[in-house]
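Q: Could you have a look at this structure, given as structure tokens, before my questions?
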Amino acid sequence: MSLGKVITLSSKAPMPQIGLGTWLSKPKEVESAVEIAVRNNYRHLDLAMCYENQDEVGAALKKVIPSVVKREDLFLTSKLWNTGHRPDQVERELDETLNQLGVDYLDLYLIHWPVAFVPGKGTLQPKHPSKEEAYLDLEPSIVETWKAMIALPKSKVRNIGVSNFTIEHIKALISATGVVPTVNQIEAHPLLPQDELVAFCNENDIKITAYSPLGNNLVGKPKLTDYPVVQEIAQKLGATPAQVLIAWGVYRGYIVIPKSVQEERIISNFKQIELSKEDYEAVSAVGKDNYTRFNIPYTYKPKWDINIFDEPIEKQATNKVKIN
Ligand SMILES: NC(=O)c1ccc[n+]([C@@H]2O[C@H](COP(=O)([O-])OP(=O)(O)OC[C@H]3O[C@@H](n4cnc5c(N)ncnc54)[C@H](OP(=O)(O)O)[C@@H]3O)[C@@H](O)[C@H]2O)c1
């Protein structure tokens, strides 16, 4: 029985390198996906309040703890949603997550986005009556929220980190508090290598968790698993295209969290294969002249009218991330 490789965080905590993603895993799907994953040796689950499925994840956890796995042998990541950024909301929202999951602590808690929403308007922000926009809360800065994360009791959260943060955002947290996030969870696949951000994180011992490692989870968008070079390498190695893409992330030292609700895929995605330098470079080449970031909230419906990554389309946004 192989539980897979582990990455050691700056806190010395071991984080299993492959985890199960759960975004867009529908009710009735996510409970069985989590149970199947844990029964097939996954020890790391990637969760979030805004996926609106943590209750079901909690139901699955009840089925596997302690019969299949002890709580301390699982690594649970969850994320503070945008509506919880005000410092007095941070622990309250964490408590809600713990309650949904039915556990006493998280292994890792991330600020999901460097963007705050007005609390009390619903998690996914119903459309603004006139502008069809999310209700941004321009009051708490990311530094204020980070200070509240730092103040969370260790008994409830073992490690803290961020998600969708740029170099500028992370530098601001570090210079204001001296506390370096353990992890930055970012969109990361061959079409979005983000070499500069990755180098910055490596220099500061911030581990990268790669989300959307298979390209994305969106209907109608091209899947990296369909790219001919990925399929050719998979065939040559007797692997699946998804295994090749996961191995690409592992080659770069990432923690990788593929999402699936299908048993066969959940099982095969966990089986790590290794890429040679030549195969790694061939997969990387698909990103050349084909830079693509799929996840830009300015393009969401309802739109988040804020520039997060400084992508060309975001330059039309009215607001910037409030740093301090
Ligand atoms: N921090 C953030 O802001 C953020 C944003 C996005 C995602 N995430 C996290 O990262 C996780 C993964 O990212 P993601 O869900 O966007 O995308 P992903 O894992 O790259 O791709 C998921 C899609 O690939 C399909 N798939 C899974 N295994 C496959 C296989 N072996 N062969 C072919 N297709 C396969 C899935 O369908 P089936 O389920 O039908 O197999 C689903 O449509 C999320 O679930 C979430 O936990 C975080």
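Going from the start of the chain as shown, residues are counted 1 onward.
The backbone N, Cα and C atoms fix where each Cβ goes, glycine too.
Copying in the features that TrEMBL gives for the protein in this structure:
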type	residues	note
ACT_SITE	Tyr51	active site, proton donor
BINDING	His112	substrate binding site
DOMAIN	18-286	domain 'NADP-dependent oxidoreductase'
SITE	Lys79	site 'Lowers pKa of active site Tyr'
Q: Mean pLDDT, the domain 'NADP-dependent oxidoreductase' (18-286)?
A: 94
Q: Starting from the Cβ of Lys79 (site 'Lowers pKa of active site Tyr'), draw a 10 Å sphere and report how many other Cβ atoms land inside it.
A: 26
Q: I'm trying to understand the geometry here, so how far is the Cα atom of His112 (substrate binding site) from the Cα atom of Lys79 (site 'Lowers pKa of active site Tyr'), in Å to the nearest whole number?
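A: Cα to Cα, His112 (substrate binding site) and Lys79 (site 'Lowers pKa of active site Tyr') are separated by 5 Å.
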Q: At the Cα level, what's the spacing in Å between Lys79 (site 'Lowers pKa of active site Tyr') and the residue listed as 'active site, proton donor', rounded?
A: 10
